[in-house]
Every structure is written in C-alpha cells, then in structure tokens.
C-alpha cells in the first residue's frame, strides 16, 4: 500500500514480492535493447522504418505528456509544505541552503566532466529536418528580453497546453508560496495537490510499462541509422556517468562526511539494504521509510529526519543533477550543436529549477531531462531518443546517488543544528548491524 510523503510523492512502505525474471522491467528493457541492436545491425532498412522509429518517439511523447503536471504538483507541494519548517526553527532554511550548494556542485561536476570528456562527439546524429526546423526558426527570433518575457505565461492554461516548462515553473512557485501563506486554510487544497501528484505518478508507472517497446524502437532506429559505431558513444556516456557519480559520492559526499566526523564507506555499509532495494527498483523513493527509520537510529533527530528526507526527494537529487548536465552535453555533442559558455551557464540555472520538479520515482530523471532540454534549447529535444535506449542503465546509479545524497544531507543538517548524537552515530557505523535491526527497518512504514 502507498501513502503520500510531505513533498507530494507516493511512498512505498515495502518492496513488492519478487517477480519472475521475465516480468522484471530491467530484464525486459535489457532484452529489448539487445533485440534493437540486432535488428538495427542486421536489418538497417527495417530498423529505419517510420513505424519502428515511432515506437521510440511515441514513448518520448508519453513522457513529455506528464512533464507539466509533475513539475507543478511536486514544486507546489514541496513549497507549500515548507511551512512545517517553522515548527523546527532554522532546520528548513539550513536544509535548503545545503540542498542548493550541494546540488550546484553536482550540476557543475557533470558539466565539467562532460566538457573534459566529450563522448558524444563523432556520433553525428541528425534528427529529422522537419522535427528541428520549427525549433531552429523559433530560436532565431528569440532575444534575451523575449526569453525573460516568455517565462511569464499569458494564461495559466496556455502554459500547460504548450507544455512550456519555465512558465509552469513560475506559476508553480508563485502558487506554492501563496498556498503556504494560507496556513491551515490551505490544508484541503494541499491534500488535493498531493493526491493529484500521486495519480500523475501512477500515470508514469503505467507509461513505464511501455519502456521495453520504446527502448527497442529507439535502439533499433539509432543503430540502423547511425550504425553499430553509435554503441561506442552510448556505452561511453554510461561509463562516464557511472564514474562521475562515483566521484561525487566518494569525494564530494566523502568530504562532507569527513567534516561531520564519519566515514562515507561505513555509512554506505550501514544503508546497504536500502541501496539494494533502490538498485532493484531504480527508484530512490522505494526505500524512503526504511531510510528515515535508520537515520533516526543513527542519531539524527526525528524533527530533522522528518523534514530533510521528504523535502530532499524534491530538492536534493544529486544523481539526477549530474545526469542532466552530462546528458544535455552529450545530446548537444551528438547533434553537432555547439553550446557557448553562456548557454552552459543557462543549463546550470535552468537545471537548478527543473531538478526541483524531479522526484525519486523510476523514470523521473528522464522526465526532468526533457524539461531541461525544452527550456534551454528546444532544438535538443529530438535528441532525447538517442539517450533513451540507455537511460535504464543510468537510472539505477541516479537513484543510488540520490538516496546516498539525502542520507548524508540529513546527517549534516542534524549536525549543523546541534541535534546529532555522535555516540549513536559511531556506535552504529562501527559495528555490524544486527539482522533484527534490518528487519525492523524493512518493515517500518
């Protein structure tokens, strides 16, 4: 059974029963990708058939369909519930400051690595001229003043109808603060928005069932049109993302852990069961209740855990941040689009906003990428099909990095607030966790 968290995303109380291997989404997508590679390699003519291409494009459109409502619901709910931070004094502000600083590190790290190791160069992917023409024409007439004025929608309905991410974000931010100001009078409306978010994520769950079909179509078309050499670029992106995420966890989060007074490797060992749950579901949210319980046992105060962890699932997704900047640069390189320094700075600024609309559910990172591309340079949007085929392989690492980042964030804010029990922290990290404790963590919620 699922409930809603404070940030308006569904909370899974425990992992589902084991499925037969052929029903596991990861296996289905893997098989679909292998079949797509074979079809694209052995029969390029068939692979480039419009109907095959439509499988991948159709799935991307299904994802784009829910971008606006997802961003609206999660941002509004996240801001509206921040009023709870008043009950715990400075914790809310400290958490948000931490989120912004560390998220910026993650975004910048992805951007730096993507520039130093441009694995997308040489792919020479070219989307259909018709698909790109309207974006290019639109961009050529867009000046800086027009860009900022365009953020303001002429109507709220129009913003959602066009799927303009920045316009939806602006309205969501204003609406969230207005709802927060209502206090208890806005309680019922917050519940409605939370329930709406739950339903929208249910739509994503349905859409994700078509992921194997979309992966097959996207991979078959990519290999059929660009040749087997495209695999090298795609594998390069996966490897680069894995290495960058590991660098972030062991260096950036490791330094933060060292500053507080604990070892990042021992912390990873402490939450190993939650990490395994996340690895199997590709969703950092699947282990949320267990993580909260373990952090309390680790010595973090209940009030800090109750605020920082749920809020972090909308405002502190480090793995998603790294993915967004890396994937955006990869797509630009693959399409032969040179991004200037100012455009790359824009990526950072836009990603800081769009990442706040990401949640810890499977596929949310890809949804957020779509929003970032649409806001930065719509001409990049058709390139989403290039990375979709391998998105599943990056989803697990995104989720693992996200949950680790939120765990470290909670310990840090507890320490900053002076509410971290160092004796319990070291007692738990320096010992082997009793099996009964693990069982308690898994069944809590």
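Glycine is treated like the rest: Cβ placed from N, Cα and C.
Residue ranges 201-221, 264-284 are listed, and Swiss-Prot annotates 201-221 among them as transmembrane segment.
Most Cβ pairs under 8 A with the transmembrane segment (24-44) among the ranges 201-221, 322-342, 370-390 are made by 201-221.
Same-chain residues lying 6 or more positions outside the transmembrane segment (163-183) and placing a CB less than 8 Å from one of its CB atoms are 64, 67-68, 71-72, 75-80, 82-83, 150-153, 156, 189-190, 193, 350, 353-354, 357, 371-372, 374-375. When each of the listed stretches 105-125, 201-221, 237-257, 322-342, 370-390 is scored by C-beta pairs under 8 angstroms to the transmembrane segment (62-82), 201-221 comes out highest. Put simply, of 105-125, 201-221, 370-390, the stretch with the most CB pairs closer than 8 A to the transmembrane segment (322-342) is 105-125.
Here the transmembrane segment (105-125) has long-range neighbours at 222, 226, 229-230, 233, 236-237, 240, 243-244, 247-248, 252, 318-319, 321-326, 328-336, 344, 347-348, 351-352, 355, 383, 386, 405, meaning same-chain residues at least 6 beyond its ends whose C-beta is under 8 angstroms from one of its own.
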